[in-house]
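Undergrad: Before I ask anything, let me first share the structure, which is written out below as structure tokens.
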């Protein structure tokens, strides 16, 4: 009795399939409902009016259950949500991989890609030579360099924001022991070209102090310099003829990117001009004219490029790349000259002013063989009270694993941005804090050490990646590592900073440096932005 009516309404359902012309797609739940359930339920509903109540109710609920079972059977199995393939890196990092080796010039901003190459089988060392890279070599993420042309000869220089001078080792350079300055035959050396012009002045630059200190010395001159497709005439630089600095086994020299007030080349020229004048009878205006003329004549490369209108402003930005110890967190580094990277606006950065030093302190540091009369120096200081000296900025505080270790209320905290140093240097008290892992007698920490460090700058927090706080000691040593932290020297009159942020900070953050106008700092102040 029941089977016959059920067969009847199922036959009617099949007829409806044909009439509707809707194909049954067992992979599509929506189509299955329309093609299968709707006709069944429609026929069963009609039967409620024509068949006995018991039979019709049975048929209706049977159709309902059959429809439900069919929908469940035809529903697709849940699938795992795929990981997004969208590149979440900033636009300038996304584009870095496609930039040509010589970089591109657009809207008065020069952008260079930073391609990493490593010196083989080299242990990590914490030293001041750890800089920015453009198609040269590094030492376990420590040293970074850029290829430029001087007098038509390509040389590879490290970029150092803790220095201001450009110097390059020459083919005639000798160590104090009479050996060749570099033992690496692959390092390109500079030979004075036909366009080289000597200024008949000598220079000497010392790095560090004590038995581990190094020096470079030579002659000051000018030659034509090119970076990518940017060409600059008569750039002042140091033609090095003697050094004991081992950096020349990795690079041809140093490309200082700091303020001109820190330039040893400028100091030599400034003092020579004063010695040739009668300082005792000089007024403050005449003294400052000689000072500004020396600054202009010996301007570092970036300000010189801006003054020559090759770039729109004396500004550059850099973020370094990371590849050790794994690819996690790695990125491509970028260097820009004249502005910010593609897709980055001024408003997106946290800007803070560069610290100024008393003009008397800065000028006294320039002069080694001359003392300026006190009365004259006082008048100079009234006309020009202070000038920027280092790329030094105020910081709000230091945090370890989210816990504040130091804050600005405990004293005037400032930090030097120095891409020429590998480590992050902290004040003695902070470095020895129990919140931080302490090195053993050999200076090692366990490679399994993991902690977080953040710095407050301009009301925002900027972190250093944990990978940069524990540095591999040797390529095959996974137990003992070098601490990425170090103890900073106590502040002095000419170096008031208590923190130093080296390449580790540059690998975790974009740093933009506007050198401003030292002769008119009120109209164009120097500042540093962080992102």
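Each position is counted from 1, following the chain as shown.
Including glycine, each Cβ sits where the backbone N, Cα and C put it.
Where the annotation comes from TrEMBL, it is an automatic prediction and has not been curated.
Since the structure is predicted, the reported quantities are computational estimates derived from the model, not experimental observations.
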Undergrad: Looking at 36-56, 57-77, 78-98, which stretch does TrEMBL describe as transmembrane segment?
TA: 57-77
Undergrad: Provide the number of Cβ atoms within 10 Å of the Cβ of residue 418 (active site), excluding the reference atom itself.
TA: 27
Undergrad: What count of other C-beta atoms do you get within 10 angstroms of the C-beta of residue 160 (active site), across all chains shown?
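TA: I get 26 for this one.
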Undergrad: Compute the average pLDDT of the predicted model within the domain 'Peptidase A1' (144-523).
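TA: Average per-residue pLDDT within the domain 'Peptidase A1' (144-523): 88.
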Undergrad: What's the CA-CA gap between residue 160 (active site) and residue 418 (active site) in angstrom, rounded?
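TA: The Cα atom of residue 160 (active site) is 7 Å away from the Cα atom of residue 418 (active site).
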